[in-house]
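**Q** Okay, handing you the structure first.
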Amino acid sequence: MRKNRELLLVLFLVVFILFYFITARTADDPYYSNHREKFNGAAADDGDESLPFHQLTSVRSDDGYNRTSPFIFIGGVPRSGTTLMRAMLDAHPEVRCGEETRVIPRILNLRSQWKKSEKEWNRLQQAGVTGEVINNAISSFIMEIMVGHGDRAPRLCNKDPFTMKSAVYLKELFPNAKYLLMIRDGRATVNSIISRKVTITGFDLNDFRQCMTKWNAAIQIMVDQCESVGEKNCLKVYYEQLVLHPEAQMRRITEFLDIPWDDKVLHHEQLIGKDISLSNVERSSDQVVKPVNLDALIKWVGTIPEDVVADMDSVAPMLRRLGYDPNANPPNYGKPDELVAKKTEDVHKNGAEWYKKAVQVVNDPGRVDKPIVDNEVSKL
């Protein structure tokens, strides 16, 4: 009987997601890459923490993955470097992240809505749809998405920015999972959201102050979730430091994830279209075809309304909590590594070539930034 309820709930979730995307998304949205062959090697060994047998077998036994598998979740406010992070990890031979699924945060949000409504939650319990049944169904759904939308690998990774708002619940589902929280100066994040016209529920792209307030609320939830999960399970990664010092940061990250070091993570741009696939509708795809460079660090300076600049400390108190100076315009993020400075120079020197590569990976070439001629390194 329990098995039947779990199967019915999984079926409901599948139907819900299919209905959502049929009605809310265009048919040519490439969430899944059908051209890739499956890697049939063994998945990673089970972690130290154990779960009851019926939870371990909630997915097909031949998948090689279960709820104790050491999955990797990358999250953060959109436009905070999550795509760069997943591309660098995708360059590692033992890791596969892939494009945003977009469905995993929605499933987590659906469960959150059920949980918040005492009336709805009680109805589910009375129907025999207990928390355990829901957990098994949602974890099975998440694993099906993670396993099915790309190549198999020893370590599977998911990059959906808003999953980090549910890190505590995800840890309940996947006790051996690791989380990477991408953090970026909120002023840069909001400027990028507005300038690139990234639609996020609740963000008014015509109101910089309101967007800063929304950023502050979102990153506060994510930081609190990360800290609740604990430093052994969740690592905060600052976008600025990843760009300025990629080797030091990636060594820190690979050690945290317990995967061997590989220099390929420093040269992800060489694997685009090979081991790394990009979605032509994601707003960052045209940027991550390029090597790690400094161009995006201070593009926001001079774009913020003066009244918002004056009130920044009160508008976005999380800036100071995260270590940013809300009164610094421009800020001093630090001096870049020599390799990063050279790669930035190459991006400028060969701007036309990188521009051609960028327009090939998007469905709207008009949104791709034109090549930069002036060297911005000296401004940092």
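Each Cβ is built from the backbone N, Cα and C atoms, and glycine gets one as well.
From Swiss-Prot, here are the annotated features:
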type     : residues      : note
TOPO_DOM : 1-6           : topological domain 'Cytoplasmic'
TRANSMEM : 7-27          : transmembrane segment
DISULFID : CYS97-CYS157  : disulfide bond
ACT_SITE : GLU100        : active site, proton donor/acceptor
REGION   : 102-106       : region 'Interaction with peptide substrate'
SITE     : LYS159        : site 'Transition state stabilizer'
DISULFID : CYS226-CYS234 : disulfide bond
SITE     : SER284        : site 'Transition state stabilizer'
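Relative to the rest of the structure, where do these features sit?
**A** Along the topological domain 'Cytoplasmic' (1-6), the predicted structure has mean pLDDT 56.
Note: CYS97 (disulfide bond) has non-local neighbours ILE72, ILE74, ARG86, ALA87, LEU89, ASP90, GLY150, CYS157, ASN158, LYS159, i.e. same-chain residues 6+ apart with C-beta under 8 A of its own C-beta.
If you draw a 10 Å sphere around the CB of GLU100 (active site, proton donor/acceptor), it holds 25 other CB atoms from the protein chains shown.
For LYS159 (site 'Transition state stabilizer'), the number of other Cβ atoms no farther than 10 Å from its own Cβ, over all displayed protein chains, is 26.
In the three-state DSSP scheme, CYS234 (disulfide bond) is classed as strand. Around CYS234 (disulfide bond), the C-beta neighbours below 8 angstroms that are at least 6 residues distant in the chain are ALA167, LYS178, TYR179, LEU180, LEU181, GLN225, CYS226, GLU227.
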**Q** Run through the region 'Interaction with peptide substrate' (102-106) and tell me, per DSSP, how many residues are helix, strand and coil.
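**A** For that range the per-state counts are 4 helix, 0 strand, 1 coil.
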